[in-house]
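K.L.:
For reference, the structure I am asking about is given below.
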Amino acid sequence: MRLLGIETSCDETAAAVIEHNIEGNSQILSNIVWSQTDNHAPYGGVVPEIAARAHVEILDDLILKALTDAHTKLKDIDAIAVTSGPGLIGGLLVGVMSAKALSLATGKPFIAVNHLEGHALTAVLTHNVAFPYLLLLVSGGHTQTILVHEVGNYQRLGTTIDDALGEAFDKTAKLLGLPYPGGPALEKAALLGDKNRISLPRPLKGEKRLDFSFSGLKTAVRQAATAMSPLTENDVADIAASFQAAVTDTVYDRVHLALQYFTHQYPLSHYKGRRPPALVVAGGVAANQAIRLTLQELAHQHGFEFIAPPLSLCTDNAAMIAFAGAQKFARGEKNSFDIAPRSRWPLDEKAAPLIGTGRRGTKA
């Protein structure tokens, strides 16, 4: 069967076509992503209204290109999967309404996909990773460790109680006067800096809870930058390097605990003679090489296989949405048109609220 996937949850507009067979294997036939980076660069961050308007302007063309590149006609599509949350509500509305319109016009099933589930299952698409596995999802909007038991069964072990890691990277980069997008710019600056020059906190390090926190680190960076003002290029590089070192230390500590939790539930002795369990990283921040190397080392220490999907599939894309939709469709799941997009949509909605959920409910 062939599925069309649509993704408009933030500042990438994407459409893709995949082919999914009865054995459960999938092939990406097309995967088109249009980035809005240039639209948002003058503002130093994503502007929701601009993002939504950009989705409206380009989505139809991207869907057509995805179908053309896949040598597929709309009538040959078996189902339409679309990100329905979490994300920016304006962008989600564009994608969901487009998918519903196509579904209504063609009679093809409509499938609402959780954006986080798309990230969670990407390693199954790219590496055929076996269940269960541990996922670290790090992006501009999310920082979570998730125990992926099987399709549809996700246990969130820890989440950020304030800023997501990608958000912390971008805001720190902006504070240092680095260009947007901030994550890659800060990583580049850090290569030239002294990571030991500035003492920065490692939030929650050593605590038994599995959550993350980055707002205090961001505040410490601001205080250091203010004390050193005006900043030279060397100052910026040293602050960037010190910040990145603090982040990697924090990630190491948090994921180390999550791996211990995993092996308590699924002892490594069960994997003797089999492929070891996997530590998977996904999300835009997975492009950071310092974090990747830290996770690779950590996985090796714990006897895990380290898996990082290609960067094009770590960041937001529609192939992962089509694949997640295929899993649901293969199990007979589809949605009615009365489903609405959700700005917040945790993978484990039935779980007890975590610390830091805020007045608006559990962080997605």
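Positions of Cβ are set from backbone N, Cα and C atoms, glycine also.
According to Swiss-Prot, the protein carries these features:
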| type | residues | note |
| --- | --- | --- |
| BINDING | His115, His119, Asp316 | Fe cation binding site |
| BINDING | Leu137, Val138, Ser139, Gly140, Gly141, Asp170, Gly183, Asn288 | substrate binding site |
K.L.:
Between His115 (Fe cation binding site) and Gly141 (substrate binding site), how far is it from one CA atom to the other, in Å?
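P.N.:
Each residue's Cα considered, His115 (Fe cation binding site) and Gly141 (substrate binding site) end up 11 Å apart.
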K.L.:
Among the binding-site residues listed here, His115, His119, which has the most company in the form of other Cβ atoms within 10 Å of its Cβ?
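P.N.:
By the 10 Å Cβ neighbour count, His119 comes out on top.
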K.L.:
Taking the mean position of the Cβ atoms of His115, His119, Asp316 as the Fe cation site, which residues outside that list, in the same chain, have a Cβ no more than 8 Å away, listed in sequence order?
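P.N.:
Residues close to the Fe cation site, other than His115, His119, Asp316: Glu7, Ser9, Thr83, Leu116, Gly118, Ser139, Gly283, Asn317, Met320, Ile321.
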K.L.:
Could you tell me which three-state DSSP class Val138 (substrate binding site) falls into?
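P.N.:
Looking at the DSSP assignment, Val138 (substrate binding site) belongs to a strand.
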K.L.:
Around Gly140 (substrate binding site), how many other CB atoms lie within 10 A of its CB?
P.N.:
25
K.L.:
For Val138 (substrate binding site), which residues in the same chain are close in space, meaning a Cβ under 8 Å from its Cβ, but six or more apart along the sequence?
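P.N.:
The list for Val138 (substrate binding site) reads Ala164, Leu165, Gly166, Val251, Val281, Ala282, Gly283, Gly284, Val285, Ala286, Ile291, given in order along the sequence.
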